[in-house]
Amino acid sequence: MGGKRKKSDGDDVEEAEEGSKKKTRTSAEKKEQLLPSMIKNKDKRSEVHAKLKRQKKLDKRAKAKARDAAAKRALDLGEEPPEKKVPRTIENTREFDETVCRPDDEELFAGNDADEFSSILNQQQTPKILITTCRFNSTRGPAFISELLSVIPNAHYYKRGTYDLKKIVEYAKNKHFTSVIVVHTNRREPDALLVIGIPNGPTAHFKLSKLVLRKDIKNHGTPTSHKPELVLNNFTTRLGHRVGRLIQSLFPQDPEHKGRRVVTFHNQRDFIFFRHHRYIFETKEVKKAESKSKKDKDGKSENVPEQKTIARLQECGPRFTLKLISLQHGTFDTKGGEYEWVHKPEMDTSRRRFFL
């Protein structure tokens with residue numbers, strides 16, 4: 001009465017089997033959770049890493065094959081192909097910004113008609129650019145300026161000498177220039193651009209990096225004197241819109257398409273990439289074989305030529321990258337100037353936060 005039941009041999013076997021199953025399960029989980037960083041042996045760690053990398057590559061290839069097969073099956077059946085997945089990038093996962101421009105923003109378009117660039121962008125005034133350097137010029141500075149003169153129409157170079165920048169701005173006002181560009185150099189290398197709108201500003205200070213001159217570009221072309229077409233990409237915020245209009249005011253608004261010149265300012269993650277190209281359209285004949293049912297008298301298949309238009313680009317240079325440091329109201333004034341925007345290190349709180 002009330003005594004404990006003795007374990008039989010069958011119960012012992014069942015417990016042993018359950019224990020062995022638990023051990024195999026835990027060992028399998030451990031193997032799945034084993035990461036290369038957890039292995040101390042260098043050879044074993046590199047071997048496991050290579051295996052994981054190879055397996056990941058095979059899985060990716062299998063998914064791509066399955067995706068292509070599903071699209072082909074849907075095309076054969078006359079159905080809509082499955083939607084392509086949009087990859088997650090830093091650009092499309094950027095932080096929300098209230099200043100992003102919208103097509104129905106009436107206040108923005110009303111401000112465009114009254115800002116400092118409206119007379120140039122409405123073709124009431126022709127852009128006239130004065131280009132100069134800092135007081136201590138470098139060896140690469142003149143080469144960069146000569147290429148800027150070939151890029152920007154109606155641009156004129158004046159030696160800086162010992163003149164103060166405020167006097168140069170006054171001279172530009174008297175001579176009816178619309179903008180002043182100052183190329184700053186450091187250690188014999190151009191490292192900054194100062195763009196000043198005349199007569200009422202604004203003044204933009206850009207950091208210049210990754211400069212490649214025309215002679216260093218492989219298979220480069222020589223630009224003509226035609227007025228170029230201007231392409232501005234991804235200037236989406238209020239600040240970016242203003243910087244884009246400042247850049248736009250440097251170029252004439254009536255491009256000559258005969259010259260086939262394109263100047264591009266592409267903004268990506270607040271870095272403005274500059275490129276200068278010439279384009280050409282070529283028509284080529286591509287032979288296309290007909291199906292087996294259609295054959296000529298001799299029983300051979302006919303090759304039907306097909307016209308195909310191809311666009312080709314040739315880079316003319318220079319090539320460089322700009323990053324906005326500050327935007328100031330009015331013309332250049334370091335003491336009493338009021339700044340619209342200044343970049344500070346504490347503003348870089350996230351990789352997904354952009355200002356242009």
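Glycine residues also receive a Cβ, built from the backbone N, Cα and C atoms like all the rest.
Note that the coordinates shown come from a computational prediction; the quantities given were computed from them, not determined experimentally.
Under the heading region 'Disordered', TrEMBL lists 1-85, 290-309. Under the heading compositional bias 'Basic and acidic residues', TrEMBL lists 18-33, 40-50, 65-85, 290-305. What TrEMBL lists as compositional bias 'Basic residues' is 51-64. If you look up TrEMBL, you'll see 127-333 marked as domain 'Brix'.
DSSP places the residues of the compositional bias 'Basic residues' (51-64) in helix, strand and coil in these numbers: 14 helix, 0 strand, 0 coil. As a summary of secondary structure, the compositional bias 'Basic and acidic residues' (65-85) carries 12 helix, 0 strand, 9 coil according to DSSP.
Across the residues of the domain 'Brix' (127-333), the predicted structure has a mean pLDDT of 87.
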